[in-house]
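Visitor: I am attaching a structure below and will ask some questions about it afterwards.
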């Protein structure tokens, strides 16, 4: 997800980790900060969306409602809003490419109107998990469109590289036309291929369980194999973290790389493919993962970098919940949610936000608070994030699930501070389900988890919309609106609270740490998949759970639509780009009445002019762009006229029209 940046020189250079088997030391790579630039949009492509700001009727009264009521009300809203951000027919992604996922419909302050490999993979892992729990033909269509889109994205040469050596797979984001983004950015980001492989493997398991193994072999495996080969080859090189700010080694990235190779090796064996590379590299990644644990009782989320932070970061909470496997119990080597290390880390990370946010003022120790990315954050002045606060709740729900399943809770010296804050007087030891202390811990941790949902819910608008952040002082939603990842994070937390957990990913020995670490990687081979069309009627076998397909929340067809024009046109100082056209709102072709665009997002490598105008829904308009000089001189772009039909579609109230100057 886009984040704070401060330098015009973005870089996609990476350094291999220097792993000394004896000393376990590594080289330190200075961070390379980057600029958040808008993208270069190629050609003239219309993409349509809804820009729904959080409700103006104020924040919801969740403090007066139970967590159950909040979840029951918010769940259909969150799922509806999540799917609204999925192309080609989501209400905020209408007209984007099939399988595209917009991070947010926001196009300015900040501009998140792109598709991130990481965000989209996490969103579709959520959709796949929901689908495998209960068959839904509508979700299946979206899953297959997403998978087909990955064939295009994997094959696109981009600033990170190309598919020939796999380097291009580390490109973090793309246009919603499934084309490259060429602006400055923090690249490469090495979590994307691992997360995409995990999402696709999840759907592959469902297909195999329902006797469609050939579909996996022919369509999905070639995509997954590219991503797994990337992980095996590049895991020991630095890259930018999930917040896109730090160039180093990220705990979130490494944890998911380990999971991807473990799960990938199992899938390869099932399909009769070679997975020996994945099986040999995965333990070394797990060995490296142990290096993030520090003596202060927490995970230093970014190492091999000099970013000047403590390392206390929601990065680590997200890693724990996204590598959760109930079959691993409270395993500490994989930092399972209920492990002593993960619980100690949660306490340290959460406590780092207690005193710095005014919204947390007066909340006592041992009670839930609003959680941000990391305490040193300054992006949008550094605020709590919905997804970080939901992640804290989810880790605790995961823990409760495992404790109930296994019938025991072990308190160690490492996790003692966490437990004592919730159950004063508890001592180190193992408590079985027959003991009162077990019940006390379950109740206390469940209440603590619910508290995080309640804290976030305080700052959710009455319409249920979830932005990226909420103000540290007032709780007002901030930054990108309708953040897709925010909706996904709520849905997974709510599912874990209900006892719905993802399928197991760990194979036998997946948590076995080698006695010594090696930085060995394996150079992979890469090829563009050729099969992209899924066979029809990939329905579940008899007896599988199914239900009615998800039905979007209905809304009216608007009378007018706010059309935002994005025009890429290189200009000189004093020149202004305007749009003139056949509609009265566009001046009826009069240059003196043309609509002036704004250069607020203009950059040398992405000369974007932007402006909005309300047009009647259903109208067919013609228009052109003009360049107006400081002296009033007018230059028209070349023929032909642009032609556009303003959508008259339910729920679509704002659209984006993307063009490039015709010379």
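Every residue gets a Cβ built from N, Cα and C, even glycine.
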Visitor: Of the residue ranges 529-550, 551-572, 573-594, which one carries the region 'Disordered' annotation in TrEMBL?
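Guide: Result: 529-550 is the stretch TrEMBL calls region 'Disordered'.
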Visitor: Do any residues of this chain, six or more beyond the ends of the region 'Disordered' (529-550), have a C-beta under 8 angstroms from a C-beta of it, and if so which?
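Guide: Residues 79-80, 83, 133-140, 144, 147-148, 151, 154, 207, 209-212, 215, 218-219, 222-223, 226 contact the region 'Disordered' (529-550) from elsewhere in the chain.
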Visitor: Name, in the order they occur in the sequence, the residues of the same chain whose CB lies under 8 A from the CB of residue 241 (active site, proton acceptor) and which sit 6 or more residues away.
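Guide: Listed in sequence order: 189, 248, 250, 252, 253, 301, 302, 315.
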Visitor: At the level of the C-alpha atoms, what whole-angstrom distance separates residue 185 (substrate binding site) and residue 244 (active site, proton donor)?
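Guide: Pair distance, Cα basis, whole Å: 8 Å.
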Visitor: Do you know the DSSP helix, strand and coil residue counts for the region 'Disordered' (529-550)?
Guide: 0 helix, 1 strand, 21 coil
Visitor: Other than its own, how many Cβ atoms are within 10 Å of the Cβ belonging to residue 185 (substrate binding site)?
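Guide: Step by step: centre on the Cβ of residue 185 (substrate binding site), count other Cβ atoms within 10 Å, giving 26.
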Visitor: Within 10 Å of the Cβ of residue 244 (active site, proton donor), how many other Cβ atoms can be counted across all chains shown?
Guide: 25
Visitor: How does the domain 'CBM20' (555-663) divide up by DSSP, counting helix, then strand, then coil residues?
Guide: 9 helix, 52 strand, 48 coil
